Amino acid sequence: MATKFPSFNQGLAQDPTTRRIWYGIATAHDFESHDGMTEEKLYQKLFSTHFGHLAIIALWVAGNLFHVAWQGNFEQFVLDPTHVRPIAHAIWDPHFGEGITEAMTQAGANGPVNIAYSGLYHWWYTIGMRTNEQLFQASIFMSILACWVLFAGWLHLQPKFRPTLAWFKNAEAQLNHHLSVLFGFSSIAWTGHLVHVAIPESRGQHVGWDNWLTVLPHPAGLAPFFTLNWGAYAQNPDSLDQVFGTAEGAGTAIFTFLGGLHPQSEALWLTDIAHHHIAIGCVFVIAGHMYRNTFGIGHSLKEITEAHNTRHPNDPHKGSFGISHDGIYETVNNSLHFQLGLALASLGVATSLVAQHMGALPSYAFIARDYTTQSALYTHHQYIAMFLMVGAFAHGAIFFVRDYDPEVNKDNVLARVLGTKEALISHLSWVTMLLGFHTLGIYVHNDVVVAFGNPEKQILIEPVFAQFVQAAQGKMMYGFDALLSDPTSSATIAANSMPGNHYWMDLINRQDALSSFLPIGPADFLVHHAIALGLHTTALILIKGALDARGTKLIPDKKDLGYAFPCDGPGRGGTCDSSSWDAMYLAMFWALNLIAWVTFYWHWKHLTIWQGNMAQFNESGTYLMGWFRDYLWLNSSQLINGYNPFGVNSLSPWAWMFLFGHLVWATGFMFLISWRGYWQELIETLVWAHQRTPIANLVGWRDKPVALSIVQARLVGLAHFTIGNILTFGAFVIASTSGKFG
């Protein structure tokens, strides 16, 4: 038996070429393809990896806590969170000369330091942390937690503690556990922390390990809870002139429904946040008691899905609704790829919403005034959402190749989707062309007339429908008089009749960037449709890749070729680029394109509002040269001056990263615009030269060098393209924002 890598594939381990190494790495996590893998073993291995994942997260969190406690300035930040720039960690670098050492000695530090743009300081401050000692304690706790979950991962691989396949496939038990215990209890536990620690700290009352059992979070204690007088917990909220972190203007309420932002911290009211978490927690605990499990009460998922059926005797829609769902329960419950696809899609949407809401409804005290952090967090979460969404479709496609059973799904809703794929794909194609030609056409028209000195001839379209939606939520500036912007509407009367004070109208109608609905005009209308083009094109490529995964008119037996194949054999020209993997690979370029437009839009619009110069976005955002000149070029200028012959400033590391990001990005094209034959010939030439150079022959190789496969080379190209893209734009966002606002 071969002992070479990879041990999980003995056939590959005996491959005499370097293909062994690259294919081994490529399939290391494709547990399904490993030698001797059974379904039960597969589930057990995956379950164990979850604990490893949790350990990595815990160690990462511990590292952040430890370095800030050791090298940061958290206690100074607590004293003045709007002016003290948070320090991520110190820098030790032997290359640092006097100039850069001086430039990077910032934020009151004694030596070179990195500034934190993660928002962690604001989060720790908001949840009631105040000292470095507390950060150290949290770091130690997270390190212990990491060890504990690593042990749990190892334990669940031992014969006595391996869960059975039946346990993994008990969908109802799994749903109940995740809903009630993981979501429900954790939300209620977090409410407990907010009520017992964070809210008292925000009112100047310290709660620690020494007194947390003796300090009542509310003067009335639990009496209102047991007497069902829950409204007592909402009475006497913090006043509008409360100073965050002190007793000045503080109330006693713990669960409120105030809406809007705390006037001083410019974040959501902590008592509103606590109310949100207790409500969510209760909803999830109830949801986790809905499915039939140990006691035989509750819903069966199989019965629920199969009742969605026009042939069902109790169908209330008399055959007009609910195509057969027979087989859907088995299909989802037996396919890890289907489940992963659903999970990734859900998480992708949630992550994108987090990006939006961190800016529109900031929940951490004073974070809204840290413009660089806000820009970094928005960009970070939108990029993550993009990766998750593409991953969702990738695993959807793998499901169709590996797990889909036409017999189980005969004539059900999934089979109907496959059966109508031509209509779905062609409609998406039509939408992308309509969006692309019209949006680009208007942009280019506007460029031409501006270039020829007639800016008044631009086509400028007011987004009236979007403005109406904003007005319906209470935005007054458009004069639409709809729902909440109409003082006589039933919505306004209902809102005004609610007891107590409420501040969401103040938030919506703010004049600064903190308004939850920023004013919009023709520039927003155009970029909105550009983003819609990116979304629909990415979706088109992904959906086509998944729905065509099993076969097409061109390649009817595609499912037998697998998820990733370069071409359909040497005898069939014109079949390259047709595997589902290729569709996901091609979609990544559009996804990166799209997410750049999304983040460009958010960043430029906010930069102009923060600078008090919104007219720049409104006027320059209606034509392409305006975007290139007044957003990209203008905001790159500080960056490219991070270092020059006359010296350096604190932006120089970002300037270098900006340059390096371009290099990594451009390197991607070397792999993307070449095929395997070129590299194979080059390698053979280098081998020839090596063998004819006496001194070089002192070094040999066990594996015969061969070029990467077509698919692997594409992956290498895409990886460089993606990482370069992110390095470049990340450096641009942070440097262009911090260069203006610190």
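Including glycine, each Cβ sits where the backbone N, Cα and C put it.
Feature annotation from Swiss-Prot assigns transmembrane segment to 46-69 (among others); the stated evidence is sequence analysis. Outside the transmembrane segment (46-69), and at least 6 residues removed from its termini, the chain residues within Cβ reach (under 8 Å) are 31, 86-89, 116, 118, 120-121, 132-133, 135-136, 138-140, 142-143, 145-147, 149-150, 152-154, 156-157, 163, 168, 336.
Taken from Swiss-Prot, the feature transmembrane segment applies to 135-158 (among others).
Using a Cβ-Cβ cut-off under 8 Å and counting only residues 6 or more beyond its ends in the same chain, the transmembrane segment (175-199) has close neighbours at 126-128, 207, 212, 215, 217-218, 254, 270-271, 273-274, 277-278, 280-285, 287-291, 293, 301. According to Swiss-Prot, the transmembrane segment annotation covers 175-199 (among others), on the basis of sequence analysis.
Feature annotation from Swiss-Prot assigns transmembrane segment to 273-291 (among others); the stated evidence is sequence analysis.
Annotation source Swiss-Prot lists transmembrane segment at 336-359 (among others). Outside the transmembrane segment (336-359), and at least 6 residues removed from its termini, the chain residues within Cβ reach (under 8 Å) are 42-43, 46, 119, 367, 374, 377-378, 380-382, 384-386, 388-389, 391-396, 398-399, 402-403, 602, 606.
Residues or ranges marked as transmembrane segment by Swiss-Prot: 375-401 (among others). A Cβ distance under 8 Å defines the sequence-distant neighbours of the transmembrane segment (375-401), meaning residues of its chain 6+ beyond its ends; these are 117-119, 335, 337-338, 340-345, 347-349, 351-352, 354-356, 358-359, 418, 538, 542-543, 545-547, 549-550, 559, 562-563, 580-581, 583-584, 587-588, 591-592, 594-595, 598-599, 602-603, 606, 726, 729-730, 733-734, 737.
According to Swiss-Prot, the feature transmembrane segment maps to 423-445 (among others), an assignment based on sequence analysis.
The transmembrane segment feature in Swiss-Prot is assigned to 525-543 (among others).
Under the heading [4Fe-4S] cluster binding site, Swiss-Prot lists C567, C576. Around the Cβ of C567 ([4Fe-4S] cluster binding site), a 10 Å sphere holds 18 further Cβ atoms from the protein chains shown.
As annotated by Swiss-Prot, transmembrane segment applies to 583-604 (among others). Residues 359, 375, 378-379, 382-383, 386, 389-390, 393-394, 397, 524, 527, 530-531, 534-535, 537-538, 541-542, 544-546, 548, 577, 617, 621, 627, 631-632, 714-715, 718, 721-722, 725, 729, 733, 737 of the same chain, all 6+ positions outside the transmembrane segment (583-604), place their C-beta atoms under 8 angstroms from a C-beta of that stretch.
Annotation source Swiss-Prot lists transmembrane segment at 651-673 (among others).
Under the heading divinyl chlorophyll a B1 binding site, Swiss-Prot lists H662. If you draw a 10 Å sphere around the CB of H662 (divinyl chlorophyll a B1 binding site), it holds 15 other CB atoms from the protein chains shown.
Counted within 10 Å of its Cβ, the other Cβ atoms near M670 (divinyl chlorophyll a B3 binding site) come to 13, all protein chains included. Taken from Swiss-Prot, the feature divinyl chlorophyll a B3 binding site covers M670, Y678.
Below 8 angstroms of C-beta separation, residues 117, 372, 375-376, 379, 383, 585, 588-589, 592, 596, 599, 603, 635-636, 638-639, 642, 651, 654-655, 657-658, 660-672, 708 of the same chain, each at least six residues beyond the ends of the transmembrane segment (715-735), sit close to that stretch. Summarising the annotation, Swiss-Prot assigns transmembrane segment to 715-735 (among others).
It is 31 Å from the Cα atom of C567 ([4Fe-4S] cluster binding site) to that of H662 (divinyl chlorophyll a B1 binding site).
Among residues of the same chain six or more beyond the transmembrane segment (525-543), those with a C-beta under 8 A of the stretch's C-beta atoms are 390, 393, 424-425, 428-429, 431-432, 435-436, 438-439, 442-443, 461-463, 466, 583-584, 586-587, 590-591, 593-595, 597-598, 600-601, 621-622. Here M670 (divinyl chlorophyll a B3 binding site) is positioned 13 angstrom away from H662 (divinyl chlorophyll a B1 binding site), judged by their C-alpha atoms. The two recorded residues M670 (divinyl chlorophyll a B3 binding site) and C576 ([4Fe-4S] cluster binding site) have their Cα atoms spaced 19 Å from each other. For the pair formed by Y678 (divinyl chlorophyll a B3 binding site) and C576 ([4Fe-4S] cluster binding site), distance between Cα atoms is given as 17 Å, rounded to the nearest Å.
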